[in-house]
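Novice: Pulled from TrEMBL, these are the listed features:
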TRANSMEM  A:6-26  transmembrane segment
TRANSMEM  A:47-65  transmembrane segment
TRANSMEM  A:162-180  transmembrane segment
TRANSMEM  A:200-221  transmembrane segment
DOMAIN    A:260-478  domain 'ABC transmembrane type-1'
TRANSMEM  A:264-285  transmembrane segment
TRANSMEM  A:305-328  transmembrane segment
TRANSMEM  A:334-357  transmembrane segment
TRANSMEM  A:390-411  transmembrane segment
TRANSMEM  A:457-482  transmembrane segment
C-alpha cells in the first residue's frame, strides 16, 4: 500500500475520531456545553492528536529503519565467495538492489509472473534476459547468490510494508479509541491538547538542529571513510589534483590546495568587484540620494539578488566569457586562451554580490545615529568628510561583517564557477587562466560514473567538509566581529 | 582689558568671503568627487542589470520561434499501395514529398535544385513522418493534407542570424549548399515562422535533436518539487517560528536552535545537496532524480528563510493584541492561533512565496541528487507518480542544455531562463501585491 494512501487512511480515522469525540463530550454533558471543562472542539482535537501523532511517528521511524534492517539481513545471505576480488560487499548489494528493482519492473510490465519472480533460479532460468526485456538495467549476468538475495530483498520489503501499514492503521485506531474513552465532561481536554501542540511546535523547531546534525554526520562519516582510503596529509597538502577516471585505480592525486587557491582567487576577484561598487552604492543611496532616486534604484539593485545563480552561470559562460575573450584573447591582448577563466567567474560573481554588499551596508549606515552626522556638520565638515571620518568608522564593524558574509557566499557559490571558471585545477597567478574551485569539483566528482565507495567519489565529501568548515568559520567570525565591535547607541 | 584687544594680533582675512579660498575649493572638489563615485557605482550596478537582461532577452528570444515548412500534400490510394510495396518504404514517401515540394516551388515561380539528403538535413526524416501519418489516418488518402514540418535548429539559426554562411562549416548536419534551398523556400514563402509551442509544452529530446527540445516536462517537475516544499516548509516553518517567538524561554536549547537557524541560512546550497545525496539517496534509498527528493532538500534549504520572515511578522503584531486576548480569558495557545497568527498571515505568506521563488531557482543541490543528465522525455503518468518518477526541474534542465556540446542548445537554455524568470517574476509580484494589500501597520 503506497504511503500516500496510508496517510489518507490515518487522516480519515482522525476525522471520524474528531466527530465522535466531540459528540461524546457533548452527550456526556447532556448537550450542555457549559458543563464541559473545555470547548467541545478540544475533545475532538484530543482524539485527532492521539490518532495521528503516534501513527505518523511510527511510520516515519519504520520508513527510516526498514531499509537498514532489510539490507543487513540480506547482506548476510551473500557468501564471501560470491564477492568478486575487485569488488566489495557494498557493490554487490547495489547489484542486488538493481536486480530487485528489475524484478519489480518485470512483474509490473508482465514479463514475469509474481511466482516466477519469487522462485526463479539464475542457474536454470533465463532471468537476466527477461530482466533486460523488461527494461531493467542489469550490467552483467545475474548470479544465483545475487538473485537469491534480490528475491529475499523483495520478500522482506513487501512484508515490511504490509506490516507497517497494519501497525500504523492499528495504532491510529487504538489512539482514536483511547482518546474517545477518556472523553468525559470533567476531562481537561484543553490542557492536554495544548500541551501536545506545544510539543509539536518544539519538534518543528528542532528540525533545524536535526538538519545540522544530518549535514555534519553525512559529511563526517564519508570523510572518515575517504581518509581511510586516502591519506589525509596528501589531501590537505597535495599540490596536484588529478583524479583517475578508472575508478579503483590507486593513481589518483587528490590534493586540495589547487582547488582552495582557485576558490580564493575567484572570490577575491568577485569581492574586488562587489565591495567598491556595493559600498559606494550604499553610501550614495543612504546619504545623498533623494527619496525618489532611492525608491527606484534600491529595488532595481536588489533584483540582481533575486536572479537565480544558474542565470549568472549562463551569463558567464555565454556572454561575459566570449566578451572577455574578444578583448584579452588571442585576437586581442593574447592573455586568455578560453572563455572560462578566473576573471569570467569572478566578474560575474561580483555582479551577483553587489546587492548583497550594498543592502547589508545600507542597513548598517542607516543605523548610525543622525546626531553624529549633525555634530560633524556643526564643526564645519563637508558631507563627504562626515561620511569618511564619522559615519564609516562608526559603521565599520558592520561593514566588515557584511564583507565577510559576502565572501562566505562567494566561496560557497557553485553554478557560476561550474559554468564559468573551467575545469582545470591549477596553481597559477594569471587571472585569465581557467581554474576550478572546491564547489565545482564536488559537483564533478559526484555526478560522474564513479561508484560511491571509491576515493574519487568520497573525496567530494571531504571537499564538502572543508567548504562547510570554512563558510561556517567565516559566518561565526563575521557575527563575532559585529557583536564585539558594535557601537551601542541609545 | 584683555591682551587680545591690546595686541589685535589676529591676521586680517586674505580675501572676501565671497571668493572661495584654495582650501575650501579643494574640499568642495573632494566632496563632488566622492558624490560622483557613488553615482558611478550605482550606474555600474544598474548597467550590469541592463546588460544581463538585454543579453537574456536577445539570446532567449529565438527559442520562442520556430520555422516550419508548409507543404500541401495529396497522396492517392494507388501511391500509398505502391509505396507500401517497395523495400525502402520511407524513401518512397520522401520521394513523393520532394515531388510535392518541387511542384509547390514551381507554382510560386521559384527554381531550386535539391535532393533527398538535403531535405533530410533540413527537415529531418520526412518520409517516416508522412508514412506514420497515413498509416494512422487511412481515410485521409486522396484528400489534400497540409504538413507543417519543423526545420532543423540550424535552419532556425540561419534565419535568425545565429548561423551565417561565413561562420558555418560543412557538416553532416548542414552544408552551405543547403542554405540556397532555404533561401529559395523563403522566397517562395514556404518557410514561415511561428510561435514555438512545442518548446513550452514539450519534453527534452536528447542530445541529437535540439530543435525538438522543450521545457514543459521540467516545469512539471519543478511544480511537484514546489508542492513538496510548500506543504512541508510552510507548516514546519510557521510552527518553529511560533515556538521560538511566542513560547520559548531563554535557555540553552532555544539558543542552540537560534544559532542553528542562523547558520543554516548561510550554509552553501551545495552542502544541502550533499546532505540530500547522503541521507535521502544513499541512506534511505529514495529514488534518484525524483521531485520528492528534490523537494525535501529544498525544504531544508528554505526553512531558515521562512522561519526568519515568519518571526519578523509575528514580532510585528503588537503586544496589545495578545494582552487583550489573554485579558478576556483566552489561553496562550488560543491567543496565538486565534489572534496573532491570522494577523501575521499576510507577512508569513509573503515570506513563504519569496522562499519558494528562491527554491525554484536553486540548481546546485539538484545536481547532486541526479536531476541533471536525466533526459525527461515525457510527463509523469499521474499525480502520485509525479513525485517519485524521475524528472528534471527547470534550472536543472537549463544546466543540462548549457552543458551540451551542441551550440543549438544554448538558445534553448536562454529560452528556459526566460520562462524561469517569468515564473519568479510572477511569484515576486504576487508577494508584493499581498504585502501591499494586506499588510497592516500599527
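Glycine too: its Cβ is placed from the backbone N, Cα and C atoms.
For the listed features, I'd like the structural context: burial, neighbours, distances.
Specialist: Within the same chain, residues 3, 6-7, 10-11, 13-15, 17-18, 20-21, 160, 164, 167-169, 171-173, 175-176, 178-180, 183, 193, 196-197, 200 sit at least 6 positions outside the transmembrane segment (A:47-65) and bring their C-beta atoms closer than 8 Å to a C-beta of that stretch.
Here the transmembrane segment (A:162-180) has long-range neighbours at 1, 6, 9-10, 13-14, 16-17, 20-21, 24, 46-56, 58-59, 62-63, 66, meaning same-chain residues at least 6 beyond its ends whose C-beta is under 8 angstroms from one of its own.
Sequence-distant contacts of the transmembrane segment (A:200-221) (same chain, six or more residues past either end, CB-CB distance under 8 Å): 53, 461, 464-465, 468.
Sequence-distant contacts of the transmembrane segment (A:264-285) (same chain, at least 6 residues past either end, Cβ-Cβ under 8 Å): 293-294, 297-298, 301, 342-343, 345-347, 349-359, 361-362, 365, 387, 392, 399, 403, 406-407, 410-411, 417, 421, 431, 435, 437.
Only residues 6 or more beyond the boundaries of the transmembrane segment (A:457-482), in the same chain, are considered here, and those with a CB under 8 A from a CB of the stretch are 215-216, 218-220, 222-223, 225-227, 229-230, 235, 243, 254, 256, 259-260, 397-398, 400-402, 404-405, 407-408, 411-412, 438-439, 441-442, 445-446, 448, 450-451.
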Novice: List, by number or range, the same-chain residues at least 6 past the transmembrane segment (A:334-357) whose CB is under 8 A from its CB atoms?
Specialist: 262, 265-275, 277-279, 281-282, 301-305, 307, 309, 312-313, 315-317, 320-322, 324-325, 328, 402-403, 405-406, 409-410, 413, 416-417, 419-423, 430-435
